[in-house]
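Okay, so here's the structure we're looking at.
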Amino acid sequence: MSALEVTLRALSALAAFLVLPLVVGQAEHKVMAHMQGRLGPMYAGGFHGWAQLVADGVKFAQKEDIVPRAADRGVFRLAPAVALVPYLVALAVLPVHPGVAAVDVPGSVLVVLAATAVGALGTLMAGWSSANKYSLIGGLRAAAQLVSYELPIVLAVASVAIAGGSLSLMALADAWTPWWLLWQLPGAVVFLVAGVAELQRPPFDMPIADAELVMGAWTEYTGLRFAFFLLAEYAGIVVVSVLFAVLWLGGWQGPFDDTLGWLWTLLKAFGVAIVVVWVRVSWPRLREDQLQRLAWLWLVPLGLLQLLLTGVGVVSGW
Amino acid sequence: MTGPRVPGVLKGLATTARTALRPAHTSEYPDVPPDLPPRSRGVIALLEENCTSCMLCARECPDWCIHIDSHKETVPAPAPGGRERQRNVLDRFAIDFSLCMYCGICIEVCPFDALFWSPQFEYAETDIRDLLHEKERLGGWMASVPAPPALDERAAPPAEETAASRPARGGPRGGAGRTPPARPPRTVRPRVVESEDPS
């Protein structure tokens, strides 16, 4: 791989990382607004407020960067990067087209899972270093949530890996058949629920819970660092959506997939992202104990059941 | 735990989806003018020619927000040997919209139809003192006064029209029925004329 190719791949991953979360964010603005009988942003950029998030970014960049006096400065300043960069890494290994990913590694499933798990660490660091009780409670809730929901995610993804017989996302998407829609359905539900919980998005936003914790671990953040947390949240939606589309919806499989495969992947992922937004608008926040109960009493057993089902299916050659 | 709750959860999804497919309630006000109901009370407009400076509006105003200044002018006699007349000339007519509570009593009480409701409402100011509007500004709002709403079907004719269609005083009225009216009424209102006829 020449230096030019490496640069091009890195730049394209970075471009996707900067554009796709904004697309999802704008879609969330508009979809949420219309689900609430509003219009959402209409002015920024002229056409239906398409540049609203760009304007928000400019606003965040102009704001003062404040570090509380009692904060652990180093950790406090590092936390947004820890939250943001893992999603860039995850996005780089996600395939969008037959044979097309910014970085094609053999064990890409493991890379994505490991990277997204690190992302939640940023929230914990932010909560710990802010010297604020709300931040601390938020951070600890985030840690508890991360521990609970990492397991169902791994179980669900492991099931698909067994079904496809590979740890490479590319091979798994190629091995996908429509039969998986039914066969892997419990795992898909488990992954989607646990994925939304992992992103700490409503209805699983107990660590943020703005009504009781101000803004959870993000309370003390201002300006660009706060914007990085927001960007990390939307990048997280992109990663979870693309991962779901690749593993459970067949990624690029569809008509004309040798030319339009990337479009199919992105469309399926966008549909999943809309569902994530839809769920946010429709459902109230789960209480902390309900949140843990859902993970341990429903998702983990369901994930194990799926694993069993997949094992039986693979051995008996469905 | 999820058992009985599932239908409610699905109902929530359906509700938001249905709302998303319907037109939004947002009114894009500065870009799209609002659809105001008839008889909106936006601002009070002044038709200066009709004002006789009688001060009724200023006296009836509950919070005294109408300021009127006038002086008398002598009008020369219309015919030689006649008497000179005096009439009021309006110098100042101002409404302080920082005090006005939009009750509309001044409009109701004006005997000469000099005050009107206008639906115009975009006259916000950054300084409360700038809300005292003089007669030039009040007169400018006359252009935005809507035509009076049409009468209901089979409604009685308005009092003004009845009065205008009545024959002039001093005409041949005494022998009602025996002599026809000297001239037809100015406004043709059959009902009014018939009441004078014995047939």
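The backbone N, Cα and C atoms fix where each Cβ goes, and this holds for glycine too.
As recorded in TrEMBL, the features of this protein are as follows:
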| type | residues | note |
| --- | --- | --- |
| BINDING | B:Cys51, B:Cys54, B:Cys57, B:Cys110 | [4Fe-4S] cluster 1 binding site |
| BINDING | B:Cys61, B:Cys100, B:Cys103, B:Cys106 | [4Fe-4S] cluster 2 binding site |
| COMPBIAS | B:156-170 | compositional bias 'Low complexity' |
| DOMAIN | B:42-71 | domain '4Fe-4S ferredoxin-type' |
| DOMAIN | B:91-120 | domain '4Fe-4S ferredoxin-type' |
| REGION | B:143-199 | region 'Disordered' |
Counting across all protein chains shown, how many other Cβ atoms sit within 10 Å of the Cβ of B:Cys57 ([4Fe-4S] cluster 1 binding site)?
23
Count the other Cβ atoms sitting within 10 Å of the Cβ of B:Cys100 ([4Fe-4S] cluster 2 binding site), across every protein chain shown.
19
Using a Cβ cut-off under 8 Å and a sequence separation of 6 or more, which residues in the same chain sit near B:Cys61 ([4Fe-4S] cluster 2 binding site)?
B:Ile105, B:Cys106
DSSP three-state call for B:Cys57 ([4Fe-4S] cluster 1 binding site): helix, strand or coil?
helix
Please report the number of other Cβ atoms within 10 Å of the Cβ of B:Cys103 ([4Fe-4S] cluster 2 binding site).
13
Mind tallying the domain '4Fe-4S ferredoxin-type' (B:91-120) by DSSP state, helix then strand then coil?
5 helix, 10 strand, 15 coil
Determine which residues of the same chain, besides B:Cys61, B:Cys100, B:Cys103, B:Cys106, have their CB within 8 A of the center of the CB atoms at the recorded [4Fe-4S] cluster 2 site, and list them by sequence.
B:Ile44, B:Cys57, B:Glu60, B:Pro62, B:Asp63, B:Cys65, B:Ile66, B:Ile95, B:Met101, B:Tyr102, B:Gly104, B:Ile105
Radius 10 Å, atoms counted are CB only; among the binding-site residues B:Cys54, B:Cys106, which position scores highest?
B:Cys106
Residues close to [4Fe-4S] cluster 1 site centre defined by B:Cys51, B:Cys54, B:Cys57, B:Cys110, Cβ within 8 Å:
B:Asn50, B:Thr52, B:Ser53, B:Met55, B:Leu56, B:Ala58, B:Ile68, B:Cys106, B:Val109, B:Pro111, B:Phe112, B:Ala114, B:Leu115
What is the interatomic distance between the Cα atoms of B:Cys100 ([4Fe-4S] cluster 2 binding site) and B:Cys57 ([4Fe-4S] cluster 1 binding site), given in whole Å?
12
Counting only residues 6+ away in sequence within the same chain, which have a CB under 8 Å from the CB of B:Cys51 ([4Fe-4S] cluster 1 binding site)?
B:Leu90, B:Phe93, B:Phe112, B:Ala114
